[in-house]
Amino acid sequence: MKFSSALKFNAVSEWWDEYIDYDTLKKLIYQLEKQQQTTVTPYQDLESNERSSLVGRRVDRQTDAAFIPKLDRELRKLTAFYEHQEKELMDELEDLEELVKQQEELGLEGDHYSDASIDEDDEDDESLSHSREATATSGRRRRGLSTSTGNVRDSENVASESPLLPTDRRRRYSIASSSEGEADMDGSLLSLRRNRPLSGTISKLANKLNAMRDSVTSSMPSDIWNAKTNYAYDTRLLFKRRITTLFISFSSLRSYVEVNYSGFRKILKKYDKVTYSELKDEYLHEVVEKALPFTQSSKDRLHNAMNRLVELYTKCVSRGNANIARHQLKLHQREHIAWERDTVWRQMIGRERRGEGGGDADRPLGATLVKEEKPGLFEIPTPAGKLKITKKKLYLLISMAIFAALLSVSIVPGKEANRCFAVLVFCTILWATEAIPLFVTSLSVPFLLVCLQALRGPAPESEPLSPRRATEFIFSVMFSPTIMLLIGGFTIASALSKTNIDRILITRVLALAGTKPRTVLLAFMGVSCFASMWISNVAAPTLCFTLIRPILRTLPPKASFAPCLILGIALAANIGGQSSPISSPQNLIALGEMLDGGLDWGRWFAVALPVSAISVFLIWGLLLASYQPARGPDGESQIEIRPIRATREAFTLKQYWVAFVCLLTIGLWCVAHNIEEYVGDMGVIAIIPIMAFFSTGVLKKDDFEQFAWTIVFLAMGGIALGKGVTSSGLLDVLGGLIRDMVDGFELYTVVLILSPIVLIVSTFISHTIASVLLVPIAKEVGASLGGHHENLLIFITALICSTGMGMPVSGFPNQTAAAQEDELGELYLSNVDFLKNGVPASVVATLVVSTVGFVLMQAIGL
């Protein structure tokens, strides 16, 4: 969460203008960044291609000289406000202590209530109102604080001991029944401040308080803080409110200091990061920490003042119990709202909720983005009004019509197989058109299979399963070890992003890339591919697009390097979806379909890593030829890229713990087949990071709730459909047809036929859905060939599913890249960019899988 958002929640609203102007300082930093870039370029040594360190220091001094005066101005503003507030609150505290002392001296003695005293009180109220008008500024501050903190509850300790009074009497005499008591107290404190020693106003206040006591006070104890009369109760309630309000004021002032110090620290950190300066430590220690609000003596004064208020509350309200006093005062304290670092899944979900555009960053907090409803294709009049038919509704109606037609006719032999075929076609249309959300279609699979009784029991009987038995079967197979492996991958990705390990490692690698566009492009593509291996190709592009923002800000307008870099990251993230079993859902679906326990991680890496590396390198060359990223917008000048600066943060104990657990889990996955007798399956190993991170507080319940559960249910629906195709007998029917089609073909010929089919399907629909539909077919094709080649064809299908990247909708990396905008709100990429570069890149990557990948698969025994 950005500091500017945290400031909105933690600031006292009445003091908003007195806080550090964080947004203005941040905008200034980005302006200095652009000035710095334009200043450095003319001093470049074209012969040696090196920068002069003298020039670098000169530029640093220039940016510091422009930035420090703005910091000094903010610091002076903060200091002046703090000095005024502290003095006013300290004076009020002294007056309150004096008033408590005076009340103790007055005790329960005084004149009885009389009509004359009412008139005198009325006159006092008028004089007090004039006093309040004369001190309007102080009154406004106190009223503001009271409003911001809400009404102080009166139903604690003191309220429990008060006897009930007649309604009319309490309305006339009780301070608790109106706001007059607080006004009288305010007036008394102001009068004390002006007239020391005690003036006649305090005596009048004492008379007023005495006038409200019960007529039998002579028989009660003399200590007003323990007495049980109505007068004593009202007095304690009055002081309780005043002490609590003042405690809240001091608490707000302390929070004001903490928030502003955090603001200075964060803005200086951002300044050093953006301008490559080293101002943060020097300015914080030498300037900020020596200013009045941030000195240790000022902090001690605030702490002591709050302790004095706790002592007053203990004496006046809680009958000497300091623990109760401290607890009750903290209940009224302003809550400090803090944010922890987001996980990649929370960021991804947030982007989806914002429509992937990023152009709504300035929306008010708590607002809901309401998108303009798209116009319908046509409208149908109904008695309840006009029914608008959109494209998605039309697709839904068509799919339902086809579903009903398939159920009414016999397409394939066998009642259960025919019903399952209808479900398969129906879900395929819905997945391809996205007429309804993908995960909803997945959840409809078990519903349809059970209700249509499309499942059969095991051979040889193969009797139709009753709805009860079908329900038990279908739900038992949906939550498989593959799903547990997917959740374990989400957990590792969340822990790496929550502890900032991913950003630290990636920035250190990118710092070595230099300033040449072609080198920077290859470095980012390599990092995007590598990150996809561990935090999935769903989350990796989100992280990489964040890291390139400083580069994009300093590029000349219309520079070809910007779209080239964005597209390169997206294409590499797609290729990274091949690299490890947890890098994409399609890999996990393939693992779940493989025979003999599938592949261990070692054999997967033996094939996927070389294939991915070759594909990334070839796509890099394709992008260089297409965009010529080193050339400037004028076609003549050469672009030099602003280098990425490695973070200087040292690893913490929590980060070492996360790294250890991740490496341990991945190591166990690599040798899973060798330890099956102990762990059973890789899905059981996936529980290790879940237990390790959530039990130690690295991740919390909110992080678990923010996992990409739609992807989980999408995979579960695919598993259910695959089991349904097998159980219903449809797979046997399709297997016979496939055997006739591939009869006489060699294995490699089948691979060459299957590869373009998978590529086309995965290009136009989701990679995950493509694997759901095509992996079972590839498995049956492999079984038809003989020689146990099922795993090889499943593996090739899964890898090629990740190469479909010719359209903006082809996978999450492409969707994220298509939504990237410049500072003017213009998209960096168009459909032409994807067709011109994404389609050739898809073909190249598919050829690599079907040639190099095929050879490596046979080498490992598939």
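Just so it is clear, glycine is given a Cβ too, placed from its N, Cα and C backbone atoms.
Features as listed in TrEMBL:
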- 79-106: coiled coil (COILED)
- 117-126: compositional bias 'Acidic residues' (COMPBIAS)
- 1-285: domain 'SPX' (DOMAIN)
- 108-190: region 'Disordered' (REGION)
- 394-411: transmembrane segment (TRANSMEM)
- 423-452: transmembrane segment (TRANSMEM)
- 473-496: transmembrane segment (TRANSMEM)
- 520-548: transmembrane segment (TRANSMEM)
- 560-577: transmembrane segment (TRANSMEM)
- 604-625: transmembrane segment (TRANSMEM)
- 656-675: transmembrane segment (TRANSMEM)
- 681-699: transmembrane segment (TRANSMEM)
- 706-725: transmembrane segment (TRANSMEM)
- 745-778: transmembrane segment (TRANSMEM)
- 790-809: transmembrane segment (TRANSMEM)
- 839-860: transmembrane segment (TRANSMEM)
Does the transmembrane segment (473-496) come close to the transmembrane segment (681-699), meaning at least 3 CB pairs under 8 Å for residues 6 or more apart?
yes
Are there residues at least six beyond either end of the transmembrane segment (423-452) with Cβ under 8 Å to its Cβ atoms? List them, or say none.
392-393, 395-396, 398-400, 402-403, 406-407, 467, 470-471, 474-475, 478, 709-711, 713-718, 720-721, 724-725, 728, 730, 764-766, 769, 772-773
Top Cβ-contact partner of the transmembrane segment (604-625) among 473-496, 520-548, 560-577, 656-675 (pairs under 8 Å):
560-577
Can you find at least 3 Cβ pairs under 8 Å between the transmembrane segment (473-496) and the transmembrane segment (706-725), where each pair is 6 or more residues apart in sequence?
yes
Mark yes when the transmembrane segment (520-548) and the transmembrane segment (560-577) have three or more Cβ pairs under 8 Å (sequence separation 6 or more) and no when they do not.
yes
Suppose you look only at the domain 'SPX' (1-285); what would the mean pLDDT be?
63
